[in-house]
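This report concerns only the one structure given below.
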Amino acid sequence: MILSGKEILKNIGSNIIIEPFDEKKINPNSYNLSLHNELLVYENDILDMKTPNPTKVIKIPEDGLLLEPGKLYLGRTNEFTSTSKYVPMLEGRSSTGRLGLFIHVTAGFGDIGFSGYWTLEIFCVQPIKVYPNVEICQIYYHDIHGEYDLYSSGKYQNNKGIQPSLMYKDFEK
């Protein structure tokens, strides 16, 4: 079952951490998250799953940055989130989707116990200008039933910024 906005609010500071938190960003069953002012792009046209892929940082100026179609941009939320009782999920806002802007390519599902900033896999279908601090996506929470272990040792846990793919670590096992 998805938590209502009122239930999210009741759990803030205990089972759900969102920092910084602004009550005005609560929706009927989600909370809006905003875009940080930096993006990462991969430097190479061909990416290799088995090796770290070099990236470069792009700053989003206050007057906006024009994104190009066919290019993957990695961003992150301004908000740090943590959950100990609910499964977090991330979705783009309908307003961004209607502009042809995808906020996550495949990674909208979080694990119970995840703590960190959300890395956004941003892709657009036509050129679009984006701005820092825009409310770009929303987080919502599911109940979990049955026994579970908290996510605590994943490669993206407690991240401090934008996380490029660390899939190469899966090959090191």
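Cβ coordinates come from backbone N, Cα and C, glycine included.
As recorded in Swiss-Prot, the features of this protein are as follows:
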- GLU121: active site, proton donor/acceptor (ACT_SITE)
- ARG93, SER94, SER95, THR96, GLY97, ARG98, ASP111, THR119, LEU120, GLU121, GLN138, TYR151: dCTP binding site (BINDING)
- GLY108, PHE109: site 'Important for bifunctional activity' (SITE)
- prompt: At the level of the C-alpha atoms, what whole-angstrom distance separates LEU120 (dCTP binding site) and GLY108 (site 'Important for bifunctional activity')?
  reply: 9
- request: Between the Cα atoms of GLY97 (dCTP binding site) and PHE109 (site 'Important for bifunctional activity'), find the distance and write it as a whole number of Å.
  value: 18
Top Cα neighbour of the residue listed as 'active site, proton donor/acceptor' in the set of recorded positions ARG93, SER95, GLY108, ASP111: GLY108
- request: Please report the DSSP secondary structure of SER95 (dCTP binding site), reduced to three states.
  value: helix
Message: Let me spell it out: for each of the recorded positions (GLY108, ASP111, LEU120), count the other Cβ atoms within 10 Å of that residue's Cβ, using every protein chain shown. Which one has the most?
response: LEU120
Candidate with the highest Cβ count within 10 Å, taken from the binding-site residues SER95, GLN138: GLN138
- prompt: Cα-Cα separation of PHE109 (site 'Important for bifunctional activity') and SER95 (dCTP binding site), in Å?
  reply: 20
Query: What Cα-Cα separation, expressed in whole Å, is found between ARG93 (dCTP binding site) and GLY108 (site 'Important for bifunctional activity')?
result: 12
Field: Fewest Cβ neighbours within 10 Å, where candidates are the recorded positions ARG93, GLY97, GLU121
entry: GLY97
Message: The record lists ARG93, SER94, SER95, THR96, GLY97, ARG98, ASP111, THR119, LEU120, GLU121, GLN138, TYR151 as binding dCTP. What's the largest Cα to Cα distance among them, in Å, rounded to a whole number?
response: 33
- line: Mapped onto three states, the DSSP assignment of ASP111 (dCTP binding site) reads coil
- prompt: Hey, what's the Cβ neighbour count for PHE109 (site 'Important for bifunctional activity') at 10 Å?
  reply: 12
- request: Could you tell me which three-state DSSP class GLU121 (active site, proton donor/acceptor) falls into?
  value: strand
